[in-house]
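Input: a single structure, listed below in structure tokens.
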Amino acid sequence: MAQKRPFNEGKRHFKKNKKQKSTGNDGSNEDVLLADVRRLLKDTSIAGDEAEEKQLPEQWSEIELDVSELSSTGDGLAQKDGQVYVVPFAAPGDTITAKVVRHVQDESYTLTDFLSVKTPSQHRTETPKCPYFTQCSGCQFQHLPYEYQLAHKRGIVEKAYANFSGLSTSCIPAVGETVGSPLQYGYRTKLTPHFDAPAGARRDKRQGLKVKWEEVPPIGFMKKGTRKTMDIEECPIGTEAVQQGLKRERVRVHKEIDNYQRGATLLLRESTERLKKSEADGDAVPNDGESGVVVEDRGEYLHRKTCITDSKATSTEYVDGFRFDNPAGAFFQNNNSILPLVTQYIRDNILSPTTAPPDQSDAPKPKIKNMIDAYSGSGFFTITLSQMFQHSIGIDIAAQSIASATTNAKLNKLPPDSTKFIASDANDLFSAIDPAVFRPEETAVVIDPPRKGCDRGFVRQLLAYGPERVCYVSCNVHTQARDVGWLVGGLVAEEGEGEVVEGLYEIESLRGFDFFPQTSHVEGVAILRKKKGGKGVELAGGMVEVEADGTKGQSEKAVDGEAVAKSEDSGADGVAKST
Ligand SMILES: C[S@@+](CC[C@H](N)C(=O)[O-])C[C@H]1O[C@@H](n2cnc3c(N)ncnc32)[C@H](O)[C@@H]1O
């Protein structure tokens with residue numbers, strides 16, 4: 001049994017982390033976990049002021065925990081004596097033996113390390129394919145059946161909107177079923193294992209000495225719950241070509257370690273050459289696990305896949321019939337198998353609802369002619385959707401991505417007068433577009449920002465512009481929920497920001513796509529439509545601003561009379577493999 005001691009005695013062991021004191025709205029792992037912990041404490045009526053009397057187990061002691069649920073971070077949650085315990089690699093219904101790592105006093109929760117399963121949950125039916133599962137921080141769910149993972153991710157989207165949008169439940173539609181990934185292992189087209197410099201390397205460098213490697217360091221990913229890199233020889237969520245690349249890179253680093261003066265991150269990026277079967281000769285090379293070439297049969301084509309390790313070399317991917325060339329180190333979606341499903345979903349939903357809302361069933365459908373792809377990267381959404389529109393424009397802050405996007409548009413034979421790209425901050429988009437062409441009532445905006453979500457300034461301008469429809473794609477459903485909360489409920493002005501901006505949209509649909517099987521991450525797709533009567537007003541210079549009077553009354557009414565000003569009290573991630 002675990003030893004116990006009075007709560008206060010443990011104080012010196014437990015560092016306070018400011019971030020964990022209250023939920024912010026940056027969608028960090030801590031905030032997401034905290035929202036789940038608080039809800040569990042509330043649901044079970046564990047009063048906060050009992051905390052002072054709590055007896056908590058010693059740090060590093062072993063305890064047994066009955067896991068009741070999974071948090072949106074992928075960790076199991078268990079309660080014991082008025083405290084919530086966070087247990088990685090668990091399933092609801094498990095009894096787990098865990099090691100106490102750290103008590104977070106102010107919030108009545110404790111982080112633990114997984115040690116073993118004492119009594120397995122009925123949900124624990126899968127044999128993990130990875131030998132490092134329960135040590136590596138990359139995957140959380142290899143012990144759970146895939147259907148269970150998908151259902152859990154639907155719950156993650158639901159909770160994200162409940163906890164982080166600041167919207168009343170009446171504004172949040174039922175979340176659709178998570179769309180599964182065709183490949184559940186062997187899907188990741190990019191991995192970035194790393195290794196650290198030996199102790200004393202900085203000092204040696206300062207003194208102009210060559211770094212001494214006593215041995216080859218571990219090459220891999222972060223060990224769960226630590227800042228240490230663990231040695232990883234295989235990663236079954238990587239594609240076959242990437243896994244072969246990992247083996248080769250490990251051998252190379254072992255040979256060349258003395259040439260390194262510091263730690264390094266290695267790039268493993270799959271690249272595809274598409275060959276017409278009728279034209280392919282014997283050089284297409286059979287899959288032999290040695291050559292570094294993996295050949296896949298794709299109907300009239302052969303896909304010849306290799307692993308690139310030079311970040312500046314060009315990697316090529318095909319999605320449906322579209323070809324994308326990028327520098328291997330640049331951003332591109334990492335799960336090629338699910339991309340045709342998400343693009344089809346957006347095609348099916350971006351112009352008009354698949355099911356018209358009851359009060360608008362005979363209303364004329366909006367005539368969307370144009371698309372703006374904010375945060376366009378190398379043009380994935382602009383290019384795969386542009387044939388639906390008269391004018392499409394993509395914008396990205398990374399000039400290199402815009403150069404790739406422009407090349408990709410040419411590769412896919414898209415006319416330059418109808419598909420354009422500009423390198424700029426998304427915030428400047430609204431002054432860059434021609435309002436006579438991109439009339440808000442004829443325009444849909446696709447947003448796919450980084451994990452941190454949109455800039456408040458961007459949201460203000462989007463609300464001012466007021467496009468007819470918005471499709472918000474995000475690898476962090478918590479920041480997505482926050483931003484959608486602003487688009488629906490309006491933005492409370494912060495210092496120096498100008499006036500309150502009213503919300504203009506209602507959420508037509510919400511759904512997760514499983515871009516990251518075996519992990520707790522989910523890609524969210526939210527389709528928003530402009531509320532009846534919601535409109536922006538054009539100002540000089542093409543900039544638009546929400547009408548101060550009329551629009552305000554209409555917006556409030558449209559959300560059942562509730563003032564849905566976004567609360568600032570709402571809710572990112574340290575896994576080994578970035579999403
Ligand atoms: C998640 S990626 C999406 C890229 C693209 N939609 C795709 O699917 O390949 C986010 C993109 O946002 C871009 N980005 C980040 N901050 C930005 C900003 N302030 N303005 C415009 N683009 C930005 C990044 O360069 C990156 O290409």
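Please read every residue number as a count from 1 along the shown chain.
Note that Cβ sites are derived from N, Cα and C of the backbone, with glycine treated the same way.
TrEMBL does not curate its annotations; it predicts them automatically.
Counted within 10 Å of its Cβ, the other Cβ atoms near C475 (active site) come to 23, all protein chains included. Taken from TrEMBL, the feature active site applies to C475.
The active site, nucleophile annotation in TrEMBL covers C475.
Taking the Cβ of Q333 (S-adenosyl-L-methionine binding site) as centre and 10 Å as the limit, one finds 22 other Cβ atoms among all the protein chains shown. DSSP assigns Q333 (S-adenosyl-L-methionine binding site) to coil in the three-state reduction, outside any helix or strand. Taken from TrEMBL, the feature S-adenosyl-L-methionine binding site applies to Q333, Y375, D396, D448.
The compositional bias 'Basic and acidic residues' annotation in TrEMBL covers 1-11 (among others).
The compositional bias 'Basic residues' annotation in TrEMBL covers 12-21.
As annotated by TrEMBL, compositional bias 'Basic and acidic residues' applies to 554-569 (among others).
The annotation domain 'TRAM' is assigned in TrEMBL to 61-101. DSSP states for the domain 'TRAM' (61-101), grouped as helix (H, G, I), strand (E, B) and coil, give 0 helix, 26 strand, 15 coil.
Taken from TrEMBL, the feature region 'Disordered' covers 1-31 (among others).
The region 'Disordered' annotation in TrEMBL covers 550-579 (among others).
Cα spacing between Y375 (S-adenosyl-L-methionine binding site) and C475 (active site): 13 Å, rounded to the nearest whole number.
Cβ atoms under 8 Å from those of the domain 'TRAM' (61-101) belong to residues 2-3, 29, 32-33, 35-37, 40-41, 44, 46, 50-51, 54-55, 108-124, 133-134, 140-141, 143-144, 152, 155-156, 159-160, 224-225, 478, 519-520 of the same chain, restricted to positions at least 6 beyond its ends. Neighbours of the S-adenosyl-L-methionine site: apart from Q333, Y375, D396, D448, residues of the same chain with C-beta atoms within 8 angstroms of the site's C-beta centroid are F331, D373, S376, G377, F380, F381, P449, V473. Listed in sequence order, the residues of the same chain lying 6 or more apart from D396 (S-adenosyl-L-methionine binding site) and placing their CB within less than 8 Å of its CB are Y375, S376, G377, S378, I402, A405, F421, A423, A426. Separating the Cα atoms of Q333 (S-adenosyl-L-methionine binding site) and C475 (active site) is a whole-number distance of 10 Å. Counted within 10 Å of its Cβ, the other Cβ atoms near Y375 (S-adenosyl-L-methionine binding site) come to 23, all protein chains included.
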